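Just below is one structure, and these are the notes that go with it.
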Amino acid sequence: MLTQPINLPKWLEENSHLLKPPINNYCVYNEGFTVMIVGGPNARTDYHINQTPEWFYQHRGAMLLKIVDPTDNNTFKDIIIRQGDMFLLPPNTPHNPVRFADTVGIVLEQERPEGSIDRMRWYCQSCKEIVHEASFHCTDLGTQIKAAVEAFKEDEEKRTCKKCGEVAAWKPAEGSLKDPNLEEA
C-alpha cells in the first residue's frame, strides 16, 4: 500500500515524545529501507557496524559522528554533520552517532540482506582495544540495538578491557563530548 508524505516539522510537533533513550529513534518507514527520525540528546559509547551504507541528514542542529576509519589504519575520527548537511557512511565502518539536545536528524538504512550481521562494538577509552562486541542479524533497529546497549551496561565483565583492565564506560563521561552546536561553523 502506498503511504502518505510525512511533514517533518508537524510530525516532530506531534510525536517528539517517541524519541526515547538510549537510541532516541523512531522508525517511520520499514519496508526495503528503514527511515528513522532521530533526536538528541543521546549518550552511548558503542560503535555500530553494519554491512550496508547509512545515509545521514541533519534537519536541526549539528551532530557528531565518531568513526573508526577502516581506510586509514582504523584511526578514530570525528565527523561533524551540521544542519542541512547529508553524509553517506560506507558499509562496515564502525560509527557512534552522538546527538545533542534539541537536534533532529534522519537516518536511512537498507534492509539487511539475508545472512548479514550487524555488530555493536565497544572500545577501551585508554588503549583503544576492542572490549566487547555483540552481533546479530538486524530485523528491528529500534529494539535490537537498545537490547545490546542495555546488556553491555548491566555486565561489568563485558565492559572490562582484557588488555589493560580498564572498565569501559557505557555512557560518555560528563563534559567529554564537545557540542558543535556551541561553536561557530
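Here the Cβ of each residue, glycine as well, is placed from N, Cα and C on the backbone.
Keep in mind it's a predicted model, so treat the numbers as computed, not measured.
What Swiss-Prot lists as O2 binding site is Arg44. Cβ neighbour count for Arg44 (O2 binding site): 25 (other Cβ atoms within 10 Å of its Cβ, all protein chains included). Reduced to three states, the DSSP call for Arg44 (O2 binding site) is coil.
Look at Swiss-Prot and you will find His48, Glu54, His95 tagged as Fe cation binding site, backed by sequence analysis. Under the DSSP three-state reduction, His95 (Fe cation binding site) is assigned to strand. In sequence order, Tyr47, His48, Ile49, Glu54, Leu65, Lys66, Ile67, Val68, Leu89 make up the list of same-chain residues 6 or more apart from His95 (Fe cation binding site) whose Cβ falls under 8 Å from its Cβ.
Among the features that Swiss-Prot reports, substrate binding site is placed at Glu54, Arg99, Glu109, with the record citing sequence analysis. Note on Glu109 (substrate binding site): other Cβ atoms within 10 Å of its Cβ, all shown chains, come to 21.
Positions annotated as divalent metal cation binding site by Swiss-Prot: Cys124, Cys127, Cys161, Cys164. Around Cys164 (divalent metal cation binding site), the same-chain residues six or more apart in sequence whose CB sits under 8 Å from its CB are Cys124, Ser126, Cys127, Glu129, listed in sequence order. According to DSSP, Cys164 (divalent metal cation binding site) is assigned to coil rather than to any helix or strand.
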Output field, Fe cation shell: CB within 8 Å of site CB centroid, site His48, Glu54, His95 dropped: Tyr47, Ile49, Asn50, Leu65, Leu89, Thr93, Pro94, Asn96, Pro97
For the binding-site residues His48, Arg99, the one whose C-beta sees the most other C-beta atoms within 10 angstroms: Arg99
Residue among binding-site residues Cys124, Cys127, Cys161 with least C-beta crowding, 10 angstrom cut-off: Cys127
Nearest-integer angstrom distance between the alpha carbons (Cα) of Arg99 (substrate binding site) and Cys161 (divalent metal cation binding site): 26
Glu109 (substrate binding site) to Arg44 (O2 binding site) - Cα separation in whole Å: 20
Rounded inter-Cα distance in Å - Arg44 (O2 binding site), Cys161 (divalent metal cation binding site): 17
